[in-house]
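Here is the structure we will look at, set down as structure tokens.
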Amino acid sequence: MEKLLKGQEMRFTEGLRTMKSKLAALQNSVSRFPQADQHTAPSSCPSLEAPAHGKKFGTRYLVGHEVHFTCDSGYHLVGPATRVCQENGSWSGLNALCRDTNRCAGNPCQNGGTCVEGVNQYKCTCLQNWSGSHCQHQTQTAPPEWSVMNDPAFSRKPRCAKVDRAQHCSCDAGFHMSGTSDSSICQDVNECEVYKVERGGKLCAHTCVNIPGSYRCSCPAGYRLLPDGRSCEDVDECLSQQHNCTRGTTCINTGGGFQCVSPECPHSHGNVSYVKTSPFQCERNPCPMESRSCHLAPKTVSFHYLSLPSQLQTPATLFRMATAALPGRSGPDSLRFGIGGAASAKGLFIMQRSDRQTGELILVQSLRGPQDIAVEVDMSEYAERVFQAKHVARVHIMVSPYEF
């Protein structure tokens, strides 16, 4: 028994010595890395906040624990929904964000409608004649006044095509869509009426004629259409030899027509008589020396013809009358102008001096045609305040029915 115990004691002592030797070797190897003793492995991660417009689930931040994220309604999660606390003290993945959900991204509005984002919803703003939550229904509307209805010549079938699962129809220029999505038709636009409604005026100077898909302008007899396709210009029948005036008469062009005239000199009375010196002027024959009435009678009488449009803007200078001295003789030192005829009582015209030797006949009230007006203008010459002679101009004004 004593030997047995002594043997065990020796083995125990030998084992203890071996263990001490291994511990010493281990201690020596550890002492080579002193920095390892200066850090301790982290046991947790920093705290995390819930993303804006979202929620966080999990309050333990120890190694191996998880934290979960969700977003509020109307927002979607960008980033990981779950993050794990790692042994190095950091969280796995990137920061999670909640972004607004774009409900218009899928283009839910049809037929050209505009998608407008709202709080947790969207709304479609539809084009004219379309309705519904997705602008999927065409609205039945009453045709406008300028639409030509009930005439097959003024209707066309629309051109339709499907784009992004939606039916799109269109009309040719000069037509507009009418009816419903199931029975749509292109009706002619009456451009003549549209222009009148929208601009308060006339598309054509005279008559606007609506035709399928467009319009054309026409002019009255005696006028021609200008290259702009809208304005009218008088045809000069006299210049173009389109008149039937006989020999001894003169063609005078008027608005839309012509007149054949042959003015006559004033009739002789007493010692006063006239001779025609040109188609439009008469001159008084020499007077007896003792005849005062002959000297006071007009020395010359001239005839003038003016064609005016209706409603001419006033004031407007229509006619000028002037004097001129003969070579080698001095002219009058003063002039006096007057106006006569039936028109003078109506206050339609005035006569005023434009310079020392010229007077002007001025229209001061608009004239509505058709009508003819005769006005007589006279010019008296004075030298040293003594009457010398009087000249008369008979102006015949022809007002057209049209304002062009």
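Every residue number used here counts from 1 along the chain in the order it is shown.
Using N, Cα and C of the backbone, Cβ positions are placed for all residues, glycine too.
The domain 'Sushi' annotation in TrEMBL covers 43-100. Residues of the domain 'Sushi' (43-100) grouped by DSSP class, helix first, strand second and coil last, total 0 helix, 25 strand, 33 coil.
On its own chain, Cys71 (disulfide bond) has Pro51, His53, Gly54, Lys55, Leu77, Cys98 as residues at least 6 apart in sequence with a Cβ closer than 8 Å to its own Cβ. The feature disulfide bond is assigned by TrEMBL to Cys71-Cys98 (among others).
Residues belonging to the domain 'EGF-like' (100-136) score a mean pLDDT of 78 in the model. Here TrEMBL flags 100-136 (among others) as domain 'EGF-like'.
The disulfide bond annotation in TrEMBL covers Cys126-Cys135 (among others). Counting only same-chain residues at least 6 apart in sequence, those with a Cβ under 8 Å from the Cβ of Cys126 (disulfide bond) are Cys109, Asn111, Gly112, Gly113, Gly132, Cys135.
Look at TrEMBL and you will find 188-233 (among others) tagged as domain 'EGF-like'.
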Cβ neighbour count (within 10 Å, all chains shown) around Cys98 (disulfide bond): 21
DSSP helix/strand/coil residue counts for the domain 'EGF-like' (188-233): 9 helix, 17 strand, 20 coil
